[in-house]
């Protein structure tokens, strides 16, 4: 070997075989699941997620999401007897200790999908404090009590489906007759709500329309409408039914953006000159007040857009959430709210600097059933 060759090899060794520095003790070794071991057979969901935490990529984020949810559920503060009157707000467990107020947000397509049953489980068992969804998240829950949604294909042609009166949501199909049944069901309820509103106004005077401090008054808000629909449907398969039964508010700031908006629009003609009113401002006061009164606040956001921002902005009123789990497929390069990572919300004061937060980049229907199985439904009581 010539001196020149030795020089070249020396340079290459410096570049290619550069020595690593000391490995920090905090580093975790990447490991997967060894299915040849007996304890990997018929694993519990919680054990599966625990094993996935060291896989890397979104598997690790999934494990982190479960840890954060477990922590927000397990947190306990002072007993109510230790608090002054002003501090006796927020959420408390059955023993009277402060617990996290958990805001659950989900987009309408998730109710259209089979994830509805998972979401209903959380509400049925009082595992969340408040819900934010879109109009479809309200109406599709009711519609599924009236008629089924079917599996289809992503590739089905829109023109052919239109001829058959079939509406496609991804690879789901909703017959248009379902919406006709929804109209038949909801119109008498809207009529009754309008009659109650007008009777109240006649009794109290028109000035009562500007005041909405009485929770039981028929000056309607989107959350009161959702509660009424849950009461009227009286079906245990419904998310709204259990929200009504357990007094969990369902906020829908975009209540008119869907079939229910169509029903409200048509009702303005049927009921004219009387008009059913929905007070959005009363609802923003209600959700923001819930956030401000929370001892600890957690966000579980399934999807993006309005439902994500509405909860995050409510948490701004308390200088940020203490826990945040985002699950969606959005990317941040387009500046969208859906794509934004939790750290962007930190810059706005919507998540605390010291908060536990993670974003899982995944289809919610793929990973959230696993998360619920490993946390809310793992048999451990929080």
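For all residues, glycine too, the Cβ spot is worked out from N, Cα and C.
Listed by Swiss-Prot as binding spermidine are 139, 140, 262, 335, 336, 337, 344, 345, 346, 347, 348, 349, 350; the candidate from 79, 244, 309, 310 that the record includes in that site is 309.
Among the binding-site residues 139, 345, 347, the ones whose Cα sits within 10 Å of the Cα of residue 108 (NAD(+) binding site) are 139. Shown are the binding-site residues 108, 112, 347; of these, the residue with the fewest other Cβ atoms within 10 Å is 347. In sequence order, 312, 313, 315, 316, 320, 321 make up the list of same-chain residues 6 or more apart from residue 350 (active site, nucleophile) whose Cβ falls under 8 Å from its Cβ.
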